[in-house]
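A.B. asks: Got a structure here, written out as structure tokens. Questions coming.
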Amino acid sequence: MQSIPRALRRALVGKPIHNERFSDAVLPKRTALPVFSADALSSVAYAPDEIILTLALAGTTAVAVSPWVGLAVLVVLTVVITAYRQNVRAYPSGGGDYEIVSKNLGRTAGVGVGAALMADYALVVAVSMATAAQYVTAALPALAGRRVELAVAGILFVGLLNLRGLKFMGRAAAVPTYFFLAVLTALLLVGLGQDLTGSLGDAPSAGREVLPAAGFDAGLAGLAGALLVLRAFSSGAVALTGVETITNSVPYFRKPRAANAAATLGVLGAISAALLAGVLYLADRTDVVVVGDPEEQLLVDGRLPGPDFFQDPVLGQLAKTVFGTDSLWFFVLVAATVGVLILAANTAFSGFPTLASRLARDAFLPRQLQARGDRFAFTNGILLLLLVAVVLTVAFGANVNSLIQLYIVGVFVSFTLTQAGMVRHWARVRRMRPHPGVRRELFVRRAVALVAFVLCAAVLVVVLVTKLTQGAWITIVAIVVLSAVMAGVRRHYDAVDAELALQPDSPVRALPSRVHAIIYVSSVRKPLMRALAYARASRPSTLEAVVVDTNAAATRRILDEWRRLEIPVPVTVLHAPYRDTIGPVLDHVRGVRRKSPRDLVVVYLPEYVVRHRWERLLHNQAIRPLRARLHQERGVMTASVPWHLSSASGQDTGPESAPEQRASRP
């Protein structure tokens, strides 16, 4: 019968998957698209809002520039997708940007890219869930004060699904993602049809006046206006997130993996471009208005709105405009959008653990992060991402606009360094290929990478200039600190490997001169007799029992019982004037080691094995800290001699339970 914790774990996570069934966990393109592309596809739920509300700082007329800002984003998206389709074919192992940069630009740059991507994966989850909470409150205004709770609940939900394993998440992802695409496509097609026939109405916010922020009285004129347009562009560039997830997840595609990943990237780019362009076009045609602070920037019926005012997101306003204010389509769109935003967070839950496992394999992160759980998921990486995302969400109050300011920096750091690495990669490969036709093809590939590098570097500069004081500095500090931590972890592992490497003349290969066995005695009972039997059976050079005298009467009873049973092992009484049971044992062991530094000391510790957790509070309280301290002593081993109490697995009377030996440092 399973224990309650184990049964609960099986109910939540599912049954373990055997190694031979790992191939079943890979995904076809039709399932990989929603699993790995939901991040980029869902950005249409908040990227148009960020473009419009940023431009709205310069007043109502400035919002008209939003389609052109969106067009610039689409140009960058097209170039990046084209370049990354080449990347997955050149590096199909799943190392993605980290592998490319490490192999072509060096280990330091690779660690920087890894840190940047990890920071952005955490922000993907936080932004997606905060946006989902915003859409939920748009449909259910009564929950407006529960955004943080809603966002955190979404993070926990997605984390649990990923702990169940990738294939389960793939099946779960397909329906809501394709449902979102169908609903949004219907919205855009009907809206475009109404626009062509002249029946497209105005958005609910069309009559509202936007008050320019300080310094933007002249609209977008001058340097301030130009910087605002660039800031809107950098906010809209969140539409490019998600590309790197596919390159990091190539091993999860069915064979041929590289070709399938490249095809999925192409489909992702086409769909993302069409959705973003369509939403921005309809938003412009219907005069949608969204601002960052309605209480300060917006005039509704000639007055500033109160704190209870709520503005619908862009997609919500378009749904009400196209299908009618009271139409059920608004709630259908909200449900579909929330679903795809949840899966956008899943994209990060797929990419982050894979990247973390790769970094752990290269000794930049704790090696526990490369271990797979029962369902072939990187359980430790999933739990780490879940924790960081929850902290970010709570710290920023699930405010999308605040979180967006931290966003995108890491992605474009990665994009820029990756394309620089690919420029070097294609140049090196081209030098090794003498055939003219192959060289021409490689020249084109290098040119694509070079264009992508220049473009991504320019966008990165724009992001840093326009968002540094808005919160991007937090991401930069996080990347630098995480890079330093990973470098420190690597130095530690390198030092440990150097210390533990075997040499032909290594002294650890020599046998100890003698073995001194010491039996710790707290009472004369069956567990002690078993420990004595095991110690004597090992035929040590010397054998003694030690009793710590913390109570004179108890010590006297032990010695009397020892003599009565005629146990043929000498007893040493260790005085403990301060009633400390650990210090006297350590002093005694150290004394033995000082006399014979080349000898081995084995301390036998009788212990009880219990079944119930509460019973652990009643037993072995003196043994555990003693064993922990003995582990710190050089040349000392501890041998745990278990005695199974009847409450554990039946009465323990035989000698079948061998002692568990633990060695300290040599």
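For all residues, glycine too, the Cβ spot is worked out from N, Cα and C.
Pasting the relevant annotations from TrEMBL:
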REGION    643-666  region 'Disordered'
TRANSMEM  51-84  transmembrane segment
TRANSMEM  105-132  transmembrane segment
TRANSMEM  144-163  transmembrane segment
TRANSMEM  175-193  transmembrane segment
TRANSMEM  213-240  transmembrane segment
TRANSMEM  261-283  transmembrane segment
TRANSMEM  328-355  transmembrane segment
TRANSMEM  376-398  transmembrane segment
TRANSMEM  404-423  transmembrane segment
TRANSMEM  443-465  transmembrane segment
TRANSMEM  471-489  transmembrane segment
A.B. asks: Against the transmembrane segment (328-355), which of these stretches has the most C-beta pairs under 8 Å: 51-84, 105-132, 144-163, 404-423?
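C.D. replies: Selected stretch: 105-132, with the most Cβ pairs under 8 Å.
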A.B. asks: Are there three or more C-beta pairs under 8 angstroms joining the transmembrane segment (144-163) and the transmembrane segment (404-423), sequence spacing 6 or more?
C.D. replies: no
A.B. asks: Counting only residues 6 or more past its boundaries, what in the same chain has a CB within less than 8 Å of a CB in the transmembrane segment (471-489)?
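C.D. replies: Sequence-distant neighbours of the transmembrane segment (471-489): 108, 111-112, 114-116, 118-120, 123, 359, 363-366, 402, 405-407, 409-410, 413, 463-464.
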A.B. asks: Can you name the far-off residues of the same chain, 6+ from the ends of the transmembrane segment (51-84), with a Cβ under 8 Å from a Cβ of it?
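C.D. replies: Non-local partners: 209-213, 216, 219-220, 225, 228-229, 231-233, 235-237, 239-240, 243-244, 246-247, 265-266, 268-269, 272-273, 276-277, 280-281, 283-284, 287-292, 297, 314, 401, 415, 419, 422, 448-449, 451-452, 455-456, 459.
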A.B. asks: Which residues of the chain, 6 or more past the ends of the transmembrane segment (443-465), have a CB below 8 A from one of its CBs?
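C.D. replies: That would be 76, 79-80, 82-83, 86, 227, 230, 233-234, 237, 408-409, 412-413, 415-416, 419-420, 422-423, 425-427, 430, 472.
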A.B. asks: Sequence-remote contacts (6 or more beyond its ends) of the transmembrane segment (105-132), Cβ cut-off under 8 Å?
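C.D. replies: Distant Cβ neighbours of the transmembrane segment (105-132) are 39, 42, 45-46, 96-99, 147, 150-152, 154-155, 158, 238, 241-242, 244, 248, 337-338, 341-342, 344-345, 347-349, 351-352, 355-356, 358-359, 364, 385, 388-389, 392-393, 396, 398-400, 403-404, 406-411, 413-414, 417-418, 420-421, 424, 475, 478-480, 482-483, 486-487, 490.
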